[in-house]
Amino acid sequence: MQADLDAFLDHLRNERQVSQHTLDGYRRDLAKVHAHCEREGLDAWSALDAGRLRRLIARLHLQGHSSRSLARLLSALRGFYRYLLREGRCRHDPAAGLSPPKGERRLPRTLDADRTQQLLDGAVEDDFIARRDQAMLELFYSSGLRLSELVGLDLDRLDLAAGLVRVHGKGNKARDLPIGSKAREALRAWLSLRAQARPADGALFVGRTGRRLTPRAVQLRVRQAGVRELGQHLHPHMLRHSFASHLLESSQDLRAVQELLGHADIATTQIYTHLDFQHLAAVYDQAHPRARRRKDDTS
């Protein structure tokens, strides 16, 4: 069974050219299913049936796994079985028709526009690390990049004269994104210092040793910036969420936001309409004469 898993992961890496982040997710999810099969005494993927798979999903749900993580596991398993079916390794997909337990969909956390400006307008020293980190923060928010997209950027994907950056998202799909003027300024300042590290390749964001930054290193730098400027922990995806929410709030163009984020399904983008409604509801509560509570209203 492990040989089939390894062959599938090689297929994803070499044929589908998925990102390392996506590959690691498939590996973790499928390892859980593999361990369950071993507990059930199964020695082939063709022996896994829907009943056994339901027991696994129920057990993981009771252990606290979210509906979203279980949906991702089932999606990974369906992809794996499509591969096995094509290779003639089995004749059925036990995950077909199975759905994870329903759960509330959490709204993504965002910064409001003022807090975002406070983060990005903090004092920046003219040194290697500070300029690099500022460029990363500006680019995350300016173009709504995923963490994996920013880490994977090379110099030749950047066209500052045209104000564009080409990123490769999920499924290695390329999209060209605009870069705002503040982000362009920050990138130019960073590029003036980047050569100090003597980079070994064309990676846009590197450490002092010249090597491409890892996702973990970028997460740490964003978190430290959040604590320093805002007194709170930040994650790179929070800047992507803020980009989407602020853009939708200003433009009301859901399709454009979908294209910029690289979402295959507009339903994924629609989560930001709930954030926009929250903003409008807050404005209504503060401004509408029939919505404001009187100070002496204790009912």
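Every residue gets a Cβ built from N, Cα and C, even glycine.
The domain 'Core-binding (CB)' feature in Swiss-Prot is assigned to 1-85; the stated evidence is sequence analysis.
Restricting the average to the domain 'Tyr recombinase' (106-285) gives a pLDDT of 85. The domain 'Tyr recombinase' annotation in Swiss-Prot covers 106-285.
Among the features that Swiss-Prot reports, active site is placed at Arg146 (among others), with the record citing sequence analysis. Taking all protein chains in view, 20 other C-beta atoms sit within 10 angstroms of the C-beta of Arg146 (active site).
Residues annotated as active site in Swiss-Prot: Lys170 (among others). Secondary structure at Lys170 (active site), as computed by DSSP, is helix.
Using a 10 Å Cβ-Cβ cutoff, His237 (active site) registers 16 neighbours. DSSP gives His237 (active site) a helix state. Annotation source Swiss-Prot lists active site at His237 (among others), citing sequence analysis.
The feature active site is assigned by Swiss-Prot to Arg240 (among others), with sequence analysis given as support. If you take the C-beta of Arg240 (active site) and look for same-chain residues 6 or more apart in sequence within under 8 angstroms, you find Phe140, Gly144, Leu145, Arg146, Leu261.
Annotation comment: Swiss-Prot describes His263 (among others) as active site, evidence class sequence analysis.
Annotation comment: Swiss-Prot describes Tyr272 as active site, O-(3'-phospho-DNA)-tyrosine intermediate.
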- Task: Please work out the helix, strand and coil residue numbers for the domain 'Core-binding (CB)' (1-85) from the DSSP assignment.
- Result: 70 helix, 0 strand, 15 coil
- Message: Using a 10 Å radius around its CB, how many other CB atoms surround His263 (active site)?
- Response: 17
